[in-house]
Structure formats: C-alpha cells, structure tokens
C-alpha cells in the first residue's frame, strides 16, 4: 500500500508546485473563500513585519494568529511554500494511517458482533468485507490531497492547513489509543482555533471503548479515565498558553486570538453565516446573537454523544463538519478536512437519499463564489446579497449532506440489527420512517 | 495685517492676520480681566490647561505646485491640534471637553472628534510657542476631512476680533465674497510667547488668520487686475481704534528676475524688503495708522495692475511639494501613493511624513515601499501604530531623506473593511474621506536669511521659529482622499436575519429529527380523506380500491 500512497503524494506535490509558480498563486491568495482574517498568509507576514518594527503584533487588529505560529514562521518564513506542502502531505499520511487502523478496529468489532449473533440473518450484503475496505485509506489520502479546496488552501498559504494537520495527528493518536498524545494534539488544535474543544467528547468515547470501559455514569472506572484524560488535556493547554506568554511577555494574544474568534468584530466576507448577519444586525441585539451563534457550535456535542456513543469515529466526523459550517470564520480548508472522511462511509451510499442534488449544489456554489464576488467587488453590477445567497446555499448544501450521511448511518444500523427485508404484519414489504 | 500676494496662475491670495497679545499669567491665579482677548477662549485655556491650541477650518485645497509655498497651510476640513500643560492629568478627557466646547464656539461639528480620529504624533507638530519639555503624550491631533466651512463658522470667528467686523481690516470679511473662492481657510492659534526680549514673563498670543484665494476666472472675470473692491466688494475706510498696528502688505516681488511689472495704486507708504521662505521678496506697505493715507480719500482701495502681460512660460516651482492619490481598483484592496518632490538643485533635506488613516482601511505595513530615483529609500525613523477596530486610527510617521532634485514615491497597500450597516454615513456610496497627510520639513533656502526685524515683516514669519537663516520651516498638507467601501444592502436587515436563522434552523431541525426519533416499521394507515374519496369513486367505476 505504500507505493500508491507515494504516487498520490507525488501527484499532489506536483500540482501544488505548479500552481505556486503560476500566475494563479496571487489570485488564489487573495480569495476570501480560502483566506479569512484568522488564517490569511498576508496577515502572518504583517504580524512578523510589526514584530520587526518593534510594535507588538497584537496591538493592532490585523494579526490574530497564536504566538506559536509567530515562533514557527519567524524561522521558516523563507521556506513557507515548502512548509505548507509538507503540512498537507503530513495530514494526508496521518489520515491514511488513522483510517488503516480504524478499518482493523471496525473489522474486529464486526466479527465480534457476528459471532455474538447480534446481527440479523439476512444482512450479509451490508457487512463490510476486507476487500472493499482495502482501498479506503488510500482514497482518504487522495480525497484530502487532490481536493481542489485543499489545493487552493495550500497555494494561498492559509494556516488552516496547519490546523488541519494538528487535527489529523490528533485523530491518528486517538485511533492508535495513546491518550497522552491525543490530549496534547487536541490542546494544540484548541489553542489555535478554539472550536476543536468539542472533539474532546468523541475522542474520550473512543478511548473508553478501546480500553473496554463501559460508559455508565455510575461506573468508577469511567469517571477515573475521564478525569485522567481531561486533566492531561487541560494541563497541556495551560502549558502551551504559558509558553505563549513568554514569547512576547504579555497576555495580549488572548483577547486578540480568542476574543476575536468569539466576538467576531471583523466582518470580512467569507463562506460562513456570521459576516452578513452581523453586518445587518441591530446594535441592540448584537451581543445576544453572537452568544447564540457561538453556543450553536458547541451544543450539538452532548446530544450527539448520547446518540452515537457506540460509534465515536462517526461522531468525530459529524462534529468536524458542524465546526466547519458554523465556526465564526470558516474557509474551504476546513470543509476539505471533513470531506476527506467521506470514503470511510462509502458503504452508506445505497442509503443516501439526496446525494446527487447535494453534490450538484456544492459544485455549483463553489464555481459561483468567485463569479459573484467579482460582480460585487470589481464589476459593481451586483451587490452583497448575491454573494450572501451563495453562502446560504453552500451552507445548506453542507448541512443537508451531513444530515444525509447521518440518516444513512442510522438506517444501516437499524437494518443490521433488524434485518434487511422487513415485512409488515400482513407479509407485505414495509417502509421505514423516523418517528 | 493683510497680505495680498498675486499667484503665478493669475489668482490672488489674501491672508488676514489678527494678533492679540494678552499679558496675563494663567498659572498664577485666575484671571478676570480679559480686555481685548476673547473671554471664551481665555476661559477655555485657563480651565482645561491648554498650552497651545491650533484650529483651522478650510474649504478647498492649496495647490502648492502652481501657487507656490503657502504662508500658512491647513488641510481640507477641520484640523485641531493641542498641546496641554504638564499639569493636566487626564489628557483624553480634557481633549474631549475641549473639542466639544470649540464645537460650540465655532458652530463646527468638532464634537465628532473622538478616539477614532485622534492620534498622538511623536515627531511632527512640535510646539510653536514657549515650551519647557516636549512629552508628546500631552499632544493631540485630529482632522475631520468631511467638515465644510460656511458663513456660520465665519461669524463667530469674526466676533472674537476686538473690533469685530465693524472697523479696521475686518470690514473686508464679507461672507458672500469670501466663500466665492477657490480656497478659504480660517484659523485660530493660541500660544504662549515671551513678553519682551528678556523673556522673564509669559504672555498669551492669539492669532486669527484667514487665507482666501480668489480665482482668476470666476472672481477676476478673466482679467488680471485686482483691487480690494473687486475681491471683497468693500474698501478700507478706517482702522480699528484698538489696534496698535494695522498694515496692508502687497507682494510686488519681481518674478523671473525682471523689473517690477506689478504696479500698485495708491502709492504705498513704504517699501519693505525681506527674505521670506527662502526667497527675496519686496512688499509695498500701507500703514493704515499713518495719517497721510486717508488724507485724499475717505477709503483705501488698493489696486494691483500689471504693466505688461506676464508671460506664463516659466512658473517658479516650490522647493518642496507633494501629492497623494489612491491606486488600485475594486472594493477589496487599494494602495495609497504619495509623491514628494524636492526641486532644490543641490541640497538634500529630510522631511517628516505623518499619515493618519482611519481603521476601516486596514494598512499592511509590510507592503510599505519608498522609492527614490529607482532605488529603495529606507526611512531613518519610523513610528507605526496600527489601528484597533472602532477605537483608534492608523498612525504612520516617517523621517525620509529627500535627495536633491528627486521624486520620492511612497506606497502602502490597504484592505477595505465591511462595516456594520449603522456605521455608514447617510450617503454611503459617496465614499469615506481620509485626512490629508502632513509633511514637515526644514527646507534649505536659496537665499540666506538674516535676523530680520520681525516687527516689519509680515506676521506669519514670526509664527514659525527659525533656528538659523539657512533654512525655513514648512508644513505642507497633501490632498485628502475619497475611498469607497463595499456596502451591505441597507434594506435587508430583517430578511438577512430570517434567512440566516432559517439555515441554522434547517440544521437544528434535521439533527433534532435524527437524534430524537428512531426508525419504525410503518403501520398501514387507513388513509386520509382524499384516499377514501378516491376509493369511493373507484367502487362506482368497478375498479379495485387503492
């Protein structure tokens, strides 16, 4: 399996190198879909220039990166393109290894459930075979590396790639079972962009499952393990934040980074829902709606944890998708990360209801984004409503895609336990509804 | 005094200066006897601990390239800069109070001066009066480029004069002629000065200046002879009895090193030669207090006639001039370009450039490039304070060395922000103004200056302290800029809230369904009303039911 992966990596590196050298690189770097105020490369360069001038980068409203990014690029600014290509490759390799391990886990679990007779007798066609699962890790790496969203994000040198890489390593560490590494990478991801905090729940559920600790609220070992993992996570977070303090000897980065993510003062257009909403919001209700929108990202965690406690990796996928739709400054790089997981659920294809129309919606919206931006900003013949409409459509497409996959997943689980050919009491073929 | 200077393009500039000196020491106890000094300003200075105050309201732009170096320039709009006493503890509070009180005194909207357009320059705007120390935290500078000047601002300004507009030179200040001009600038300067040569006591000096440029074509009707009556539709009838000195200076310096081709009538009381702003200038002086002036006629109408048509082949170019413009296209990014010209043939000199850019044009200082004669020119001092959204503007101050006979181009890129819909002015597509940038320099003079008798020269020469005779201080302002920002649709707040909340609700609804409901086998239902009706019809037709 290594050889095809190397080929895929080579192809991806070639595509990125070719685009870096072409005239499209400048055009892509300015696109608001890939570069948001949080992760644009121009702002990283600006922060380093301010540091050279002797002014704290956090004294203005331009730079919103964490001090560790300053540390990193202070030394690697000359090799920036190489850094981003390597980051993408590392993400893909991490996802490849993670999914490889995950396949083994899935297969073992399936075998166990079949031996325990938990499955209905006629579901042979729903069981995943090693043959069809063989190419899934390669497909995941392919989906990530050759996704146009990822390529554009890499060419624009958006630091979203670094965030994706950290999350990919976190997933790898979790699936391999190392609680310590998982906590450290999760702390790094949270430190950079705050929202991966919600990935704590799926990671905890997975690790508990792996240690064969039952998830019962009264169980002592459950609480013990949870406390261990939580304290590992919080300690690493505290250590990283204290390290950042020592870079510039001030706590200025906390309002500049986390205050900025939470209070959304910058209304630069992006593919998310926040910017136009708060551009048109009555001043009186601004704080209320900021709180509502931020809570909206975090509050799906507990219900999903209750429903999907047996399937933590799918929970992680859904959670990643919710973060990238509802975060305050989303970019296409965030979308690319959860889309890389779609091959893992390719066995759900037969239960998806709207996949054709949703993929059409997503593709059309991706093409219409730059067109309507040009019409608004450069041609002056459209106004902001056009771009906003495409933002709405793109987000609805993403939301319906995720809920479609969720529906298909739950339906397959039902069929696995109740049998594929369902009959009603009078013997005719039955239909399944959600009630 | 009134200074009339014909400009190379055929226009004429008239600068009025009214100086009042008040021998009071505000530090020692409160003052109650104001005499000629306006009480409103005196109480302001005493109560708020102001050391120096400079307020200018300007309409139009002084074209330095064509009109020459201005005696006193001000940027378009309203400009206020103030040095506070070191005893003032909360400078920001005093600044806010001061701008509000001045707004009331001059009927100008100076109350719009707040932290989003106030900056603290570190190198420009050094004190022009007596100063003990210069802690720049006591200085505040703000400019409102959108402010207009009109009769409403002129009237309170005239009221501050000791004689008002009833006697003396101020009778010429009639609004209908003053505002029918290319450039109109009225200013108030308050500063502490030495009472006498020994400088043992401090006096307060109030200067009120008004500069107006009458256009050759619209006011001059295309003819190049000017007179006081043509410019102001009034003539001088008498002097203000409270004035200790009242003079009219006419600049009759020959251009192009030829004999005077400018003739003034009636004949002046005296001629005065001085080196002003690096050039040797000759002034025809009318001393209004001399009894011989009003002997023949009751009114004085100074007339300027040109002896032969001046060929406009060679217009003298000022040593230092600058221009600024916005480059780029579209509503996403842009570039501010400043061009500074040093036309001195062999002397290089440094210039301090102060730029204040509002926070919604996000400057990227790593894109700052300064190019002189094709090579990069690094500034020897650079002070940059980045903006904070909705709290303070960008401040960029640089000391740039200008080589002799060169053009320096300074460019910096910016990104345009999208504001909240309530933050746009009533006409959002008009654009947003960026205040003029300020250039301060000690320009080397072509002719060496001696310690001239300050009392004889026009008053503006004593406003700027000159350290030595080889250079003179110049403060230039560039054009204000007008920049468009992307606008949201102002008619849509309710629609946007509904649509965005709908998207969020779609997600919530789908997830709620999937999380709270489980799959069930569908029970056969008896069917709704439509189905039963259809079955009834089918029974009549003899067809099997649904």
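Yeah, the Cβs are placed from backbone N, Cα and C, and that goes for glycine too.
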Revision key, fill the gap. Expected hit for transmembrane segment in TrEMBL across A:103-124, A:125-146, A:257-278 is A:257-278
**Study point:** Correct range for transmembrane segment (source TrEMBL, candidates A:328-350, A:351-373)
**Key:** A:351-373
Revision key, fill the gap. Lying 6 or more residues past either end of the transmembrane segment (A:385-407) yet within Cβ distance under 8 Å of it, the residues of that chain are 269, 271-273, 276, 317-318, 321-322, 324-325, 335, 342, 345, 348, 351-355, 358, 361-362, 365-366, 368-369, 372-373, 375-376
Review point. Which stretch, A:68-99, A:285-306, A:351-373, tops the Cβ pairs under 8 Å count with the transmembrane segment (A:166-187)?
Key: A:68-99
Practice item. Quickly jot the same-chain residues contacting the transmembrane segment (A:68-99) by Cβ under 8 Å, restricted to those at least six beyond its ends, or write none. Key: 5, 8-9, 12-13, 16-17, 20, 41, 44-45, 47-48, 51, 57, 136-138, 140-141, 144-145, 150, 154, 157, 159, 161-162, 164-165, 168-169, 171-172, 175-176, 191-192, 240, 243-244, 247, 340, 344
